[in-house]
Every structure is written in structure tokens, then in C-alpha cells.
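In what follows, a single structure is set out as C-alpha cells and then discussed.
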Amino acid sequence: MSAPRETQAGTNATAFVLEAKQIEKSFGATHVLRGANLRIRRGEIHALLGGNGAGKSTLIRIISGSHRLDAGSISIDGRLDPNPNAIAVVFQELALLPHLSVAENIYLPHRKCAFARLGEAACYAEARAALALVDEELAERTLDWPVAQLDLHERQFVEIARALSSGARVLLLDEPTANLTFSETERLFGILRRLAQQGISTLLVSHRMGEIRALADVCTVLRDGRSVLDRVALSDISDEAIVEAMGQKSSAVSPPAPRGAPAASARMQIVLRSPGVSLSVASGEVLGLAGAPAGPSGVIETLIGASRPAAWQITIDGIDVRFSSPAEAIRAGVGYVSGDRAEKGILATLPILDNIVAAARVADRRILASSREATAAQTALDTLSIKASSIDALPQTVSGGTQQKLLLARWLAPAPKILVLEEPTRGVDIGTKREIYAMIRDAAAAGCVVVWWSTEFTELIAVCDRVVAFDLSGQASGVLDRDELDEVSLSRATGMAA
Amino acid sequence: MVIDQRAADRPQPGKRASLVVRLTRIYRTEIAIAMAIVVLLVGISFWSPYVLTWGNLANIAQAAAPLILMSLGVFLVIATSGIDLSVGSTFSLTGMVAGLCFSAALPWPVVCLISLGVGLAVGAINGGLVTVVGLAPFVVTLITYAIGASLSFVITDGHSIAIADPNFWTLNGGEMIPGITNFVLFCALAVIALECVLRKLVVGRWVFAIGSNDKAARLLGIPVHGVRFGVYVASGVAASFASLLSLSYISNSESTAGANLMLQAIAACVIGGASLFGGTGSAIGAMLGAIMITVIQNGVNLIGINSFWQGTVTGAVILVAVLIDRATKVRS
Amino acid sequence: MVIDQRAADRPQPGKRASLVVRLTRIYRTEIAIAMAIVVLLVGISFWSPYVLTWGNLANIAQAAAPLILMSLGVFLVIATSGIDLSVGSTFSLTGMVAGLCFSAALPWPVVCLISLGVGLAVGAINGGLVTVVGLAPFVVTLITYAIGASLSFVITDGHSIAIADPNFWTLNGGEMIPGITNFVLFCALAVIALECVLRKLVVGRWVFAIGSNDKAARLLGIPVHGVRFGVYVASGVAASFASLLSLSYISNSESTAGANLMLQAIAACVIGGASLFGGTGSAIGAMLGAIMITVIQNGVNLIGINSFWQGTVTGAVILVAVLIDRATKVRS
Amino acid sequence: AEGAKTFTVAYIAPSLDISYWQWVGYGAKTKAAELGMTYIEMDSHNSPADQMTNVRTAITRGVDAIVMGPVSSTSTPPVLRLLKEKKIPIAFAGIGPQPGETDYTSAVTANNFEGGKAEGKFVCALAKERGGNKVGMLSLPQDRENAQKYLAGAKESFQADGCELVQILQTKGLTVREAVDQANDLLTAHPDVKAIYGMYDEAATGAAKALQTRGLVGKVGLATADGSPTTVKLLREGVVQGLFLQEAGGQGIEAVQQVYNALTGAAVTQSLPLPLALVTSSNVGTPEAQAKLKRVYPPSAGDY
Ligand SMILES: Nc1ncnc2c1ncn2[C@@H]1O[C@H](COP(=O)(O)OP(=O)(O)OP(=O)(O)O)[C@@H](O)[C@H]1O
Ligand SMILES: Nc1ncnc2c1ncn2[C@@H]1O[C@H](COP(=O)(O)OP(=O)(O)OP(=O)(O)O)[C@@H](O)[C@H]1O
Ligand SMILES: [Mg+2]
Ligand SMILES: [Mg+2]
């Protein structure tokens, strides 16, 4: 271990710009951080890894000052009373102000003097400059829109632009890529590399091994609030070893289990058509959708009955169907899970029980919320090995990755014929992701048609039978069969060049 | 070896806490209010020996009944993250319509049906404007409140009407089940039924789901518009029924009868643990909130506190109640 | 979450719209209300030739002034997604305190300072309970409303007080700037200042930021507690100042003076485009909302509509206004 | 006033939510019609600011005279100042102007203090008849000066006649619904109360209801001021023993007559207190009582 020696190095050029030592933090009875260490050098890109609930976000919030620490110390440039302006954070849950303009969202947080003028020209200039770094087109188009009108990935850009424009020397990015496509991630990484050369350090939290290796030099791994790996060079350690350190099965990095063919009796044929495209999917297949949101969202909204003027026509077993409401779609056997848990999935004030059985209630036209539902919900939790204190607890008492599994658990009982997934692994750790892939394959094996949009090409490649690619304008630009699937072909077809 | 503390803290998966524990957890706030009410009653009895007499408890029940019914309706709306400001004037208007019907010598069950139509109509207008047109509940019900209050003067030209029907009192004071006065029966039935609907029927869960996250609810196939429409109608009908019960008791309809009730009903829900952002609370809580308000009123009168001080006392008691509730929540 | 429809007309890429276009877009609702007010005035003039006389417009302004000031304060609170139900009783209590001070023959500027302390105190209590203790604004201000209303009876034992100070009228009716009566000046200054603060100063944007997403605001380092505390204090002080202005005009303090004002002030904000979920609206909108309410009142009286019908007319006019606003929003 | 200009009179009520003020309006309207005057009506919603606005609006509309039930006496000086300037005659109904003010045409009031005294005497006698000396009161909100004067008068009588006023409850909303609850609480807290003083109709109606449900009709005496179809009926049924009629309609009638006189140059009476007449179960049928009742409320309100 070279770590202790480095700490001694003290004040020379290689000194740590950020150093968090033995951080302890509890929320009530939950001991979240139990002596976490994090040390970042100037100009370094540092990966902070760990399973869901390991304490990464908590550590970041402590460093940024939005949580108080119970014990330990934080120093920046060797000083214990850190200048808050030295740090900029991209929060995992996106700290955006939906009614305020994009420009203000980027510029306002840097202003600390309450009664100063918020110079509009300066605001727009600075915001445009920052946003143009990550996305020219967005900067031209949206500066004076309220953030509420942006898509999730556009919001993520705004959040990143805010961090970039802060002038901070350390960027703490908590899963900034969770909502980005492959090429968008690439663009971000280009910027971060450039900043690194200018001496700006980045702490990156991500659950995607590929991109971590592509960007970061060093990693720290948290497990149950402790740093089990402290400043290990990524070149010195295998994925398996990292995953093991995170406390998850090392098999998680290997490809998903082979798929089984669905029973012949359950076969079903779905045809999706829009002007110029016709896609036929059968039971047992996982159809991937790749590309920027504009294209896939049309298919998804039509399939789940969310939008009335449907862009796509659906034929199921030769019969044209048209869902005028999500309820109709659900009763026809369409299941839906979105990665946008907070907005489109979780019922935050209702216990886990209700969250799980909500779909079955609609699908079965249930009238009674019977006690049998509790059994079913518990079974669902057990089947997916979801760790929750009880089905009567609120969803906010489990980690985000676990919440995502709750959404999938919804569809165990109604057993949909078509399962529509919208980035279902967003923000989920490697182990959990792996479980979700297995669930997707299991669903297909059970005779389900799976339609799955993901911006993470690697998972599409690993799990899908076929992928429809959409270009940036939202037009379907090609269908890739399993043997043609690789990142290059996907990037080409989606116009999101690598 | 490092022992994972957290895993040890976790309850065994696959087990559910016992029913009693679960109920205690679900009804934490309600139990706290119930206890607060008991403490209040006992406290008052130090000043006034009469407070815990049977007769006085009956008075409290009679005085609370209409407010309880209204609060239940308002609670439904609040649970969906809406608000109903129109219930007070629906109460008044219902009374005036009933008064006119009685003047026309209609038999009382017919009068009741017609009068319930007032609440139905106001609720349907509220529900329609909120769901179909998409206006904000506060604005919609503020408008129907103003119009309803105005119409309850217009339709009788401001005159109050004494109800002469000798049998109408049975609605409130009769005993459909011997030994239990009707108003108690109605309140109990309404609370139990509503609590069961909210806990045990899917549609009840939908009410909370909508209040919790209405976009997610829609995507889950929940008929958001239908349920939302329904809760406004229910709220209107509850206000009308409350008015009839009150009318049956006091046999006098007046245009201002419901003026103070709206804030009281909302306060009852909030005291009972409902959040105005929706998704939480219970029918039992709303009922207890209404009882608490009535008990404070009763206590102030029994102790003989100058009525000028009543608002201060009421405010202070509610403040203490919510502070205690807050403190216990933070601690747990 | 309420998505602001306003910017739905997406601007052309590459260019920032001109100032006029931008202002038209920002103040879409406000322009609509201003036009509605004009239409209303012209409409009324078909029935009553007096409505557009100078004297009547001055009447409207005088009648609207206290409501405008109160609405501005309430708007600040609403913009942070809070609510202030206590302003009506702060208005009454301030008047009574001022009345007592006048009875003690204090000079009027001193009286004004003391009386503004009432709003300051109530606002600070509201702000403290909401921020430090973390209670819901509705509950907190319902409590202070009840207590304030009660105390405004208690402190003079219910007696109203005539103000004898011969100079106090200058607060409202004097002309600090020759040619402009003070109350007009105060209202104009308050609206312009507030609108500038809200649009141009960092703290103003913070107000909307908190109403938009207070969790995010906290993460971004915005002093959420401080700003929130501030808006409640501002609301209290605005209510007190409104009360003093009114008192200066009618030289009579009454325990019930503010009873109807709370709902009117909230309605003014909502009519003016504010959402009760926070983050939207403008000071100008709140002012126009208050003017609209006053104009309706004035029109009803000028036309001579039976006062029983006033609520119906007011409700109907507001309904039409919000429906038109809604329709134009959907279309764009 | 043949061929002369048609006068317009505005009635500005403190709150038309209250039937008393509606009836004043009825009297004023009837009299105005009789005199060939145009009649308009405005509501101050218990707010002195609204009242001032109403006065100004009335002036804008060009009214010739004003009949006003002021929100309070203390709210009258600025109104009087304004009307003096405009030379518009004003007559008060129900509540008089601030003491010391002189620039008004007439104040048609009830003598609340004397009324309170008379009713206090009557209620105390009711209690004594029933073998006790404890009385309770359901009062108008004590922020009104008529209420304060009633109370002062009643207290004087109770003191003089040896009755003890054990509790005063005020009804905020002036509704029967609240009054019932309050009467119940009063009777619970003070089971030895032998008579109840009702200060206004709804209070007595509520108290009557409480007595009826408790089986105390006749056992606890009840009297009230004002008078309405409901309380007249209760009087006939013997639930209420005495009504101290306040001529609501009569006040409107007289007030309009006074401003008409001022406009036409006829003699006016500046202070015109109308007596409160006692009506009891035994004399309610008499022509005199019936005539009095007709000056209280309009036929449309109910039977006399
Ligand atoms: N405010 C809080 N109250 C109670 N528990 C909390 C709170 N914040 C975090 N926790 C708990 O702390 C643990 C660590 O959470 P944290 O968000 O830091 O995890 P993470 O490593 O960021 O996970 P992920 O990869 O899912 O983002 C979680 O198990 C969570 O339940
Ligand atoms: N009052 C609370 N009690 C228990 N847990 C809480 C509470 N408040 C927040 N939490 C938990 O704290 C964590 C907040 O951290 P965050 O949302 O960043 O991580 P996460 O949701 O666990 O991560 P991921 O989305 O990557 O799985 C969540 O798990 C959330 O459920
Ligand atoms: Mg995290
Ligand atoms: Mg997370």
C-alpha cells in the first residue's frame, strides 16, 4: 500500500487538493459512513465506486457542506476550513429549479450576495459559455426556457454546466452520466480531461465500469461506509477485484445468462409500424431501442398508452390495437418501468406494498386491497431479493437502486405480455444491474416481449436480441441483429459518434 | 473480521410486523391526537366538573357531528393534494334549499334527496373544472365558495327559514339502531366506511396514490381524472349531508350557517395528520381533528373563558398539539 | 409539479428574443388581467356612466391600496410555496394596537413604528415556526390567524377606537410628492420595488428558487431558512402597513377590520398568476389581482346589483378570467 | 313632491348577512317607494374601510341622501366629514354616530341601554319565578356597541334585582347553529341557571332548541331582543317568554322619512330613539303587538 506514504508527502506539488479523513456519519440509527477516506490530487480524475447505498452520495454531500459530519476531517489545499467555492457538485438527484430559466440555474447558485444585482447580460453570457462547452445546440436553444421544459438528459447538462462554470478546482460529479447517452458521455469526458490538464480535479461516481476505465486514473471504493480500497490505480486492478471489493459477486461483470426459448403456447407477435419502418417482435425476444430520447419515447408512449396522438401503430397477433390510456395498455398486458423513478414511478408517500401491487390492481381490475396482496408483495420482494425492512415501510427508506427493483417487482404478478422499459438501470450498481438483466431475460423466457430503451450501449449489446437505432432527429435509422451488435455500429446508426 | 452492522440491524426479510405493531405505526399521529383529546378533557375537568358528564359528552358529539362529516369529505380532497374551500357555502346553500323545500311541504326524505343534490352539483362543478378544464383546485373552489355563499342568500332573499316538519328531527335524533342516536351512527358509519375504503379498497389506495405522485399514478393506469372528480363530489355530498344533519337538529336554516366551517374542516384534517401536499392522513385523523376542535370550544365555554380569548386558547392548544406531534416524529 | 406553461412558446434558436417580446412573454398573464380589468371597466360603463370618472377611479385606487399592499406580502410567501393565513388578523390587530397608542396620545410617526412591530412580530413567529421548527405554513399561520384575531378583540375589550390625531391622515392622504397622493405613491413604490427585487436581485430569484424546489435550493447553498423567514416577516409588515394606511384613511380601528382580507389577498395573488405550489407569479400580477377584485366590487355597487348577488358576480367574473387565461395558455 | 326631481337614497348596511340589517333595508325600501324615492343598497361587510368606499361610491352615483347602519359609532366621523362637505343628508339606523358629532340629520336608534335594562329586569323576574337567581346570557359579539350597551343595561338590572349573571357567551358567526352549542354548554356548566338572556334572535332560537332537547322548556326562562318570525313562533309556543321588539323595519322607515324631510326642507328630529316594546305570550295576539311586529320584519320573512 502506497497510500500512507503519499499522505506524508504533505505540501509538495503532489499534495492532495482534497482530503477527507475518517469521515463518520449517521442518520438517526443508520450508521452510513464509518470512517471513509478520500484523497484527490490536483488535476486527477478519481473514481468513487461502491454499491447502492454504500455512502458515496452521502460522502459527497458532506464534502460539499450540505450535510454535517459526525467525525473526521476535511481539508482542501491542506486547510481545514475549506473555501466552499473551491468545490462544485453535480448532485445525483439533480438540484435544479424547474421554474427558473436554464441560464439562471447555471448562474444563480454562484451568486452569494443576497442584495446584489443579478446582471442579466452576465448571467446569459456565462451560462451560454458553460452550456456550450457541453452542448452547443442546447446553449443556443434553451437558455431562457424554464428548466421544467427540458428532458432529463438536457437537465443533466445544465447541472454539469453549472459545475463547470463555478470556477471550482474540484468537481464532485455524482453519477453525472446516468442520464446521458454514450456520445454525450464521451463529450463530457473530453471536457473533464481538458480540465484535468488545467489542474482541475474531478471525482466521478458511476456504476458503469467501461466509462470509469475510460476516464479515471485512480479509484476509491466504498463499502458500507468504509473505504475498502483507497487510492488504487485503475491500471493495477481488475474489474473483478473492484466488484469484489464493493461486496458484490464478481460474476456480475460477466455477460448475462443464456436465454431460453419461450414455450410455444405463449407465442405472440407484435408489429410496430411508423411511416417507413415496420418491426416485428415475438415472444421471448428482447428488442432494444437505442438513440437520443426523441425516437424511442415515441414508441414507448404509444405502447404504454401515454400519449393520445400516437406516432406508431401497433398490431398484436394481427389485430390493430390503440391504447387510449395507460390503464387500457396495462389491461392488454403491457408493463412499463421507467428509470425516472421520482417522476414516473415511485409513490413516495405510500408503503412499499402499495408500490408493488399497484399495477396488478389495475391489470386485474381489483376492487379489494386484500391481505393476499401482502403475501404477493412479500413474495415479489423475496423473488427479486429486494432488501427492505418491511413491505410497510416507505420507499424512501431503501436506496435508489433498490427502488428501481421495486418498480420491476410491480410486474412480477401481472406477468405482462409486453414489458416496456425506459432506462430501467439508471443509477443502479453493477450487482443490481446484473440482477435486472437477469430479470429481463427471465421475463422474455417466460414468453414476454421486451422493448427496452437504454442509452448504455454495453447493456443493449449484452442483453438484446435486436436493437432498433434512432438517429438524432428521432427517425428509425436501422435495425441491428444480435451478430451485428457492437458499439461502433450502434454509434454509427444513432449518429452518436464515439 | 469486519461484521456488517447494518445487516444485523435489518429485520429478517420475509417477516411482517404483527398487526398491532403495524396499526400502531400507521396510526401514530391519530393515537397521539386521541391521547391529546383525553388529556384535554381531563385537564378541563379540573376547572369544570361537568366536562366528563354523559350529557356533556353527548353535547360534544352532537356539536362535532356535522364538522366530522364535512372534514371527511374535505380530507378526501386533501389526500389527492387538492383543496375544497367551497364546503362551507355548500353547507349553507344546502340548508337554504332544504328550507325552501320544507316550505313547499315536501316530505322530508324527498327534501333530503333534493338537498343532497346541492352538494352533488357543487362537487361535480368543482371536479369538472379541476379535472376536465384543469384549473387549480384553490381557484375553482374559491369561486364556487363565493357563488355558493351568495346564492344561499339569494334563494330566500336572505330570510332564514324555520323547519316545521315534525318528523324531520328523526334524521339526526332518531334511533335507527335502538340505543344509538342517528347522528352518532352516521358519523361512525362514515368514518369506518371511509377508513375501510381508503385502506381496503383499491380506489382508496388510488386516492393516496394520486396525492402522492399524480404523473406516476396516471402511468400506472389509475383513472386519475375519475378519482379526482369523485373526491370533489364526495366532499360536496358530505357537506350537504352534514348540513341536513345540523338542520334536522336545530330546525332552522340560515344563509350564514356554514360560514366558519370551511377553515375548521381543513384545520381538522391537518390536525389529524393530513398534509396539504396530499398522499397522507386518514379518515380517523380527520374525525379526531374535528373532535379536538369541538372539545376545545366546549372546554372554553365550560371553563367560562371570555369568548374574546377563545381564538387564542384554540390556537395555543393546536400549536402545542402540533409541536408535540413534531417532536415525537423527529425523535422516532 | 406545476410546469410553467408560460415559456411554452419556444423561442427561435440562436437568438435571444428582443426585450419587448421577452417582457410580453414574461408578463403574459399580467397583460391578460390588465386587459380584463379594462374590459370590465368599459363593460360597467354601459350600465353606469360614473365608473370611468376621475372621482370613481380615485375611489377604486383608495379602496384597493390596502389590499394591494397585503397581496404583495402574501405573494412573497406564496412564491416560496408557503401560505400566510394570518394577514387578515395582523391587519386587525395592528389597527387595534395603533388605536390604543393613539389613545395614549403618542405622536403618529411613533404609533406607526410601534404598529409595524405587530406585523414584524407575527411575521417573525410565523417564519420561526416554519423554518426553525419546521411546521407546515398552513398550520402555523392558521394558528397565528386565530390568536391574532382573538387578541385584536382582547386588547381593547372589543371596543372600536376613533382616531383623533388630526395629522395622521397625512400618512394616507398627504402628498410627499406634490400631485401624487401618498397611498398611490406607497403602492406604486412597493410594487415597483418588489418587482425589481424579484426580477433583478439575487435574493428575489432565491424566493422563486425556493418555491420552485426547496430541496435543490438548499443543496445549491441558497439560504433557504433565511429567505423563508424573511418573506413571512415581509408579509406581516406589509399587512401592518396596509392596516395603517387604511386606518389613516378611515380614522377608526375595528377588531373585525381585516376579517375578509386574507382570502381576498390570496385570491389576488392567484388571479395574478401565482401558483400556490410556488415558483411563479409576479408582484405586478398580485397588484392587478387586487385591483381586479376591487373593480368588481365597485362595479357591482355602481350598477346597483343586489348585494346578495355580489359573490355570484365576483365568482363568475373570476371564473371567466381564469378560463380565458387557461384557454390562451393551452393554445400557445 | 309632484314634478320635483326624483331623489335617490342609499342604504349602507354594516352587514347584510344579518337579517336585522336586511329588515332595516326592507323598511327603508318600502318607505322610499312610498315617497317616490329611488332606493339603492350597499353592504360594508363589517369593514369600516368598505363602508367608506361605499359612501364614496354612493356619492359618485349621485345619491341625494344616505341611510346608514354604521359598522360602529367610531367609524362615523370621517363619513360625516365627507358628507358635510358634499351637503348630503344622512340618517343613522340602529347604531348612532360617535358622541359629540353633530353634523347629521337624524339618528334613529333603539335605546340599547334602556332595552338591556328592561330585558334584564324581565329575565331576572323569570329566574325568580323559577326559584333561583342565576341567569346566563347569549350575547352578540361584544365588539359592537349595541351589544356593550345591552350588557351594561342588563347588568344594572341584575344587580338591582339581585340576580347573578353567571356566564356570558358570545356567538361569533351569529348563527343558530353556534348558539345551540353555546346554550348547551351554558346549561351544562351552570345547571342552576333559571333564565337565559338572549341578546338577538338567533341566540334565543338556539337557546330554545337547547331547552327543548333538554326538556327544560318553561323550567328555564328565556327572553330575547329583536324579534323574528322564528322567535314569535317560539313565543306563541311558550318556549320564549318575552320578546323585546326592536323595530328594524321601523328604523329604516323613520330614517328615510328623516332624510326626505331634510331634502324637502321639512322639520327633522336629530335624536329619534324608538322604544323597545315587550311582547309576551299573552299579548302577542293583540292589535298593538301585531302593529309593532309589522314594523320589525317584512311579511315575506314569515308570519307575525
Ligand atoms: N437522510 C438520510 N436519512 C437516513 N438514511 C440515509 C439518509 N441519507 C442516506 N441514507 C442512507 O445512507 C446510505 C448511503 O446512501 P448514499 O446515498 O450515500 O449511497 P450511495 O453510495 O450514493 O448509493 P447509490 O449508488 O445508490 O447512489 C443509504 O443506505 C441510505 O439509506
Ligand atoms: N428519512 C430517510 N430515511 C431513510 N432513508 C432515507 C431518508 N431520506 C433519504 N434516505 C435515503 O438516502 C439515500 C439518498 O441518497 P441517494 O438518493 O443519493 O442514493 P440512492 O438513492 O441510494 O442511490 P441510487 O439511486 O444510485 O440507487 C436514498 O437511499 C434515500 O432513500
Ligand atoms: Mg448516490
Ligand atoms: Mg442514488
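Positions of Cβ are set from backbone N, Cα and C atoms, glycine also.
Given the structure is predicted, the values throughout are model-derived calculations rather than measurements.
Sequence-remote contacts of a segment are chain residues at least 6 beyond its ends whose Cβ falls under 8 Å from one of its Cβ atoms, and for the transmembrane segment (C:31-52) they are 24, 271-273, 285, 288-289, 291-292, 295-296, 298-299, 302-304, 317, 321, 324-325, 328. Marked as transmembrane segment by TrEMBL: C:31-52 (among others).
Feature annotation from TrEMBL assigns transmembrane segment to C:64-85 (among others).
Taken from TrEMBL, the feature transmembrane segment applies to C:97-122 (among others).
According to TrEMBL, the feature transmembrane segment maps to C:128-155 (among others). When Cβ-Cβ distances below 8 Å are used as the criterion, the transmembrane segment (C:128-155) is approached by residues 77, 82-86, 88-90, 92-93, 95-97, 100, 122, 224-225, 228-229, 232, 255, 259, 262 of the same chain, each at least six residues removed from its ends.
Counting only same-chain residues 6+ beyond the ends of the transmembrane segment (C:176-194), those with a CB under 8 A from a CB of the stretch are 61-62, 64-65, 68-69, 72, 76, 170, 238, 241, 245, 249, 283-284, 287. Look at TrEMBL and you will find C:176-194 (among others) tagged as transmembrane segment.
Listed by sequence, the residues of this chain that lie at least six past the ends of the transmembrane segment (C:229-250) yet keep a Cβ under 8 A from its Cβ atoms are 62, 65-70, 72-74, 76-77, 79-80, 82, 84, 86-88, 90-92, 94-95, 98-99, 112, 115-124, 126-128, 130-131, 163, 168-173, 183, 186, 190, 203, 207, 257-258, 261. What TrEMBL records for C:229-250 (among others) is transmembrane segment.
Feature annotation from TrEMBL assigns transmembrane segment to C:262-295 (among others). Counting residues 6+ beyond its ends, the transmembrane segment (C:262-295) has Cβ neighbours under 8 Å at 1-2, 4, 6, 26-27, 29-30, 33-34, 36-37, 40-41, 44, 60, 63-64, 67-68, 70-75, 78-83, 85-89, 145, 187, 190-191, 194-195, 198, 208-213, 314, 317-318, 321-322, 325 in the same chain.
Residues or ranges marked as transmembrane segment in TrEMBL: C:307-324 (among others). Note on the transmembrane segment (C:307-324): residues 32-33, 36, 40, 267, 271, 292-293, 296-297, 300 of its chain, located 6 or more positions outside it, place their CB under 8 angstroms from a CB of the stretch.
Long-range contacts of the transmembrane segment (C:64-85) within its own chain (CB-CB distance under 8 A, at least 6 residues past either end) are made by residues 91, 126, 130, 137-138, 141-142, 144-145, 172, 183-184, 186-187, 190-191, 194, 198, 207-208, 210-211, 214, 227-228, 231-232, 234-239, 241-243, 245-246, 261-262, 264-266, 268-270, 272, 274-283, 285-287, 289-291, 293-294.
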